[in-house]
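Feature annotations, reproduced from TrEMBL:
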type: DOMAIN; residues: 28-175; note: domain 'APS kinase'
type: BINDING; residues: Gly34, Leu35, Ser36, Gly37, Ser38, Gly39, Lys40, Ser41; note: ATP binding site
type: ACT_SITE; residues: Ser108; note: active site, phosphoserine intermediate
Amino acid sequence: MNNKKHIYPFHSQVCYEQRKSSMQQEPRLVWLTGLSGSGKSTLALRLEHYLFHQGYKVYLLDGDNIRSGLSKDLGFSEKDRKENVRRVAEAAKLMLDAGLVVLCAFISPYEAERQLVKEVIGKDRFTQVYVNCSLAECEKRDTKGLYAKARRGEIDHFTGISSPYEPPLAPDVEVATDTESIEESLGKLIAAIEPQLSLQNEASAVANIVS
Ligand SMILES: Nc1ncnc2c1ncn2[C@@H]1O[C@H](COP(=O)(O)OS(=O)(=O)O)[C@@H](OP(=O)(O)O)[C@H]1O
Ligand SMILES: Nc1ncnc2c1ncn2[C@@H]1O[C@H](COP(=O)(O)OP(=O)(O)O)[C@@H](O)[C@H]1O
C-alpha cells in the first residue's frame, strides 16, 4: 500500500500583510512557561485583559482549558505533553496567521519542545516568558491542592515532583514571582511585549492592499 498523503494545501488570496494592516497590529505569540502554581494563568489573564483594553486583538490559550477540549485525550506522560505542546503551537500559528496576538500559558517542561514552538511560529514573532518560581513556593501556594495529592502519590507524572521541568536556557523575558508582586511581574511583561505589537512597515502593508 502506498503511504503517500494526497494533500494539496492552498494559498489564501488575502495576504498576511493585508491581515496585519486590517488588524493594525503585529501578530505575536507570547509563550509563558513555568511550574504549576508559578503564576502563568494569573499573569496571562491580566496581560490579555490589559492588551484587549488597549485595543489589541488578543486571545489566551491556557493549559487547563486546552486540556478540556483540543487535548482532552492526552495525559501527562512525556509523549503526551509533547503532543499537547505541538497541537497548541499549530493552533497558535493559525491564529497568528489570521492576525491575532496569542498568549499561551503552559507548563511546557521540555526545552526541545519550546524550541519547536519557536520554529513552527518563526523566531521573529515569538516571545518566550519564563515564569520563574521556586518549587518550594509553588508547593506552599498549592492553589489547586495538586502538590499535596502528588506528594501522597495520587497524581502520576507531576511536574517538579515526579516529572521534570527544564528551565528555559534563554528566555526573552523572565519574571520572578516568588519575590515580585503581581503588579511588578505584569509591568515587566507589558514593558517587554507591548512595543513588539506596534505595526511595522505600515506603508508597505498599505501598498500591498492597493496593488
Ligand atoms: N501530572 C500533572 N503535572 C502537571 N500539571 C497537571 C498534572 N495533572 C493535572 N495537571 C493540571 O494540568 C495543568 C498543566 O497542563 P499543561 O497543558 O500546561 O501541561 S504541559 O504543558 O502539557 O506539561 C496544570 O495547570 P497549572 O497549575 O495552571 O500549570 C494542572 O492544573
Ligand atoms: N508576581 C506574581 N505573579 C503571578 N502570580 C503571583 C505572583 N505573586 C503571587 N502570585 C500568586 O501565585 C498564584 C499563581 O497561580 P496560577 O496563576 O494559577 O499559576 P499557574 O497558572 O502557573 O499554575 C496565584 O495565587 C497568584 O495570586
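Cβ coordinates come from backbone N, Cα and C, glycine included.
A TrEMBL annotation is a machine prediction, not a hand-curated record.
Leu35 (ATP binding site) sits 9 Å from the residue listed as 'active site, phosphoserine intermediate', taking the CA atoms of both as reference points.
Close to ligand 2, meaning a Cβ under 6 Å from one of its atoms, are these of the recorded positions Ser36, Gly37, Gly39, Lys40, Ser41, Ser108: Ser36, Gly37, Gly39, Lys40, Ser41. In the predicted model, the domain 'APS kinase' (28-175) shows an average pLDDT of 98. Of all the binding-site residues listed (Ser36, Ser38), Ser36 has the fewest other CB atoms within 10 A of its CB. Sequence-distant neighbours of Gly37 (ATP binding site) (same chain, 6+ residues apart, CB-CB distance under 8 A): Cys133, Glu137, Cys138, Glu139, Arg141, Asp142, Thr143, Lys144, Leu146, Tyr147.
For the recorded site, Gly39 (ATP binding site), the DSSP three-state label reads coil.
Proximity to ligand 1 at the level of Cβ atoms, with a cut-off under 6 angstroms, picks out Ser36, Ser41, Ser108 from the recorded positions Leu35, Ser36, Ser38, Gly39, Ser41, Ser108. Cβ environment of Ser41 (ATP binding site): Asp62, Gly63, Asp64, Ala105 lie under 8 Å away, each six or more residues apart in the same chain. Gly34 (ATP binding site) sits 7 Å from Ser108 (active site, phosphoserine intermediate), taking the C-alpha atoms as the reference points. Cα of Lys40 (ATP binding site) to Cα of the residue listed as 'active site, phosphoserine intermediate': a distance of 11 Å. The Cβ neighbour count for Gly39 (ATP binding site), using a 10 Å radius over every protein chain in view, is 27. Recorded residues Ser108 (active site, phosphoserine intermediate) and Ser38 (ATP binding site) have their alpha carbons 13 Å apart, per Cα-Cα distance.
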